[in-house]
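Chemist: Quick one: structure below, then a few questions.
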């Protein structure tokens, strides 16, 4: 380091930019994540272009030419998108209702239970509960709504229901936390000026909530898109609910083809990223409209 | 606000409550089925089982070697909690107190493992861990579980640290405390509630973390949730009641810690990980 450039020591110049001994405390965490998150991802990306046989792109060629493999994208989207829309559709009105409650703690605690128990336990519970002799079918038959048990296991609906049970609380609590961040004075002002509940929702709360909803949509979708245990345990993993994570798992741990498994994982990440980017781009458009035109 | 008394508003409110009631009834029905089944002698085609017994718990305990599984589970969870605290809290402190070039990039690095679902990054991670020889044993499971928990601790702790007045630290510095002394004597006592909350949440999340453990665990490093998955996956080999007994043991272990955690944190914190 040349001394003539400046008389201030390097240590002080760095400290002025926020780099001193204390900042170094962040280094272990950065190194840890570089080694175990970024490096594996890059490694997987490179590995996916080094297949067991064939050219650099042959894993991807194989994926997109085999309907048993590329079909998993549609299967997974066909599960994840309806689940995300359904949970959001349920979560928004209920969050608006619960927001007015004085004591939300009991309800939020109940809703945290399925998230805490995790997908494996929910799948195991639903195997009993939704079965032909389970309490759900039994209740419906006693009420006279159906005459024979509804088949809800080992098909699309089993996975769908388990995703809603673990996804709804997540979506709801996220929506609620965004909703409680909106200043109640704005809604009160609308009410004072004579807006009814529907007008207040349509013109004030919903536009303000939309950016948060876009994030909620992304997170819920990404969670649902990576469904694994419930698709195996509750669905038909060989057919209608053969989701993309099953394809990746089979490539890695049944065929021991880590290169192919990495390729599937990269495709999975790419589809998730594509949907997230699309939603966030739309969020940019949606947000600017109401903020510019409505408040001015 | 003006109270709305129109019929349509009341109907809409009732419909909302009916929906949430329906959801909660089914949730508890599902949990109650598992608990009932685990105490049942024989349960076929009736509302309630023919008779009650506790022998399935003894059966599950020996069949699934739950003694070993629970021991392994608590070792893994303990290591994950301690290491993520040791790495995460100092990093959170540095991020809360300093602005440095590239801080946004660093924050993105910590946000990504929480946003990307475990199964997506778990497969490349497991590949690397298998090739380095970590996977298949406890160290690999711990390393894999740390990937989401370290950023989680950091993002939960940053707001906690930001609310502590910097004047307290400056006073300690004036009296000659170095960074280590400052941490032990000043910050740690002030941060204890926050650290406790963050680590309890890490504990609950690690107990329930299926994907990463499943992808990296060997036969002797399975946690309870992975053992439960294999039991359900191979159902037909064992009695249903015995699997249900294991599920109840898993539920109890997880829910005890959830109840303890909820004494220190708001339930929404489990979902909304960080202030955005």
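Even glycines carry a Cβ here, placed using N, Cα and C.
Because TrEMBL annotations are produced automatically, they should be read as predictions rather than curated entries.
Computed from a predicted structure; not experimentally measured.
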Chemist: With TrEMBL as the source, which of B:182-204, B:205-227 is set down as transmembrane segment?
Modeler: B:182-204
Chemist: According to TrEMBL, transmembrane segment applies to one of these ranges: B:228-246, B:247-265. Which one is it?
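Modeler: Checked against TrEMBL: transmembrane segment maps to B:247-265.
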Chemist: Out of B:12-35, B:105-130, B:142-161, B:182-204, B:247-265, what stretch is closest in contact terms to the transmembrane segment (B:69-93), meaning most Cβ pairs under 8 angstroms?
Modeler: B:142-161
Chemist: Using a Cβ cut-off under 8 Å, which residues of the same chain at least 6 positions beyond either end of the transmembrane segment (B:142-161) come close to it?
Modeler: 76, 79-81, 83-85, 87-89, 91-93, 95-97, 109-114, 118, 121-122, 125-126, 129, 134-135, 187, 191, 193-195, 197-199, 201-202, 205-206, 209, 212-213, 215-216, 269, 273-275
Chemist: Should anything in the same chain at least six residues away from the transmembrane segment (B:12-35) have a Cβ under 8 Å from its Cβ atoms, list it; otherwise answer none.
Modeler: 244, 247-248, 251
